[in-house]
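Asker: Pulled the feature table from TrEMBL, pasting it below:
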- C91: active site, nucleophile (ACT_SITE)
- H141: active site, proton donor (ACT_SITE)
- 4-201: domain 'UCH catalytic' (DOMAIN)
- Q85: site 'Transition state stabilizer' (SITE)
- D156: site 'Important for enzyme activity' (SITE)
Amino acid sequence: MVKRWLPLEANPDVMNQFMWGLGVPEDVGFCDVYGLDDELLAMVPQPVLAVLLLYPQDRSKESQASATSSVETKEPSKNVYFTKQTVGNACGTVGIIHALGNATSRIKRAAFLEEDEEMENAHSIAATAGDTEAKDGVIEHYICFSCVDGELYELDGGTSQPIPHGPSTPDTLLQDAAEVIKARIAMYSQSNNFNVMALSGKAI
């Protein structure tokens, strides 16, 4: 990844500014998920269309965990919208695109991401709008969880394809994603750098 953008702050206002700046209706938006127990998940506005997780990713640690996992792997549904990340620090943008792409049929392709000046400008405006200084060299990484064809998928632009995590429904997406996120947090128990946001609103 030769080209690099400033990272997006893990802040719903920043995410919404970026998303709405691309023309997404403002009755759809990101909100914070304050915890992963049932009482706090119940506070998240419904319907939940996708879940974003920001965490201190270590690919070697995750490769070891997946190598010893007994979970059966299967081919992802052809209906999953998935794109690889080709721009450094664009994982927040790719996470938003994954969230939207699996919540609406309007976004058909994302190969434009690296060359699309409007996309880069919207990202830059949002990246500098947060409460913390936007700087390069971050180690945290955004991934998205979406429900497609009755399956929970982890969508990470740094991997080769969507990762299935078992059965899910639009109504249980948040709870199902929370279970996967709890396991991910346990894998990185020495860190506190986690943030969970949900994309909520009327079906687009």
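Using the three backbone atoms N, Cα and C, a Cβ is placed for every residue, glycine included.
Values in this document were obtained by computation on a predicted structure and should not be read as measured data.
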Asker: Who sits close to the residue listed as 'active site, proton donor': which same-chain residues at least 6 apart have their Cβ under 8 Å from its Cβ?
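Answerer: Correct list: L54, Y55, P56, Q57, C91, D156, G158.
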Asker: Compute the average pLDDT of the predicted model within the domain 'UCH catalytic' (4-201).
Answerer: 80
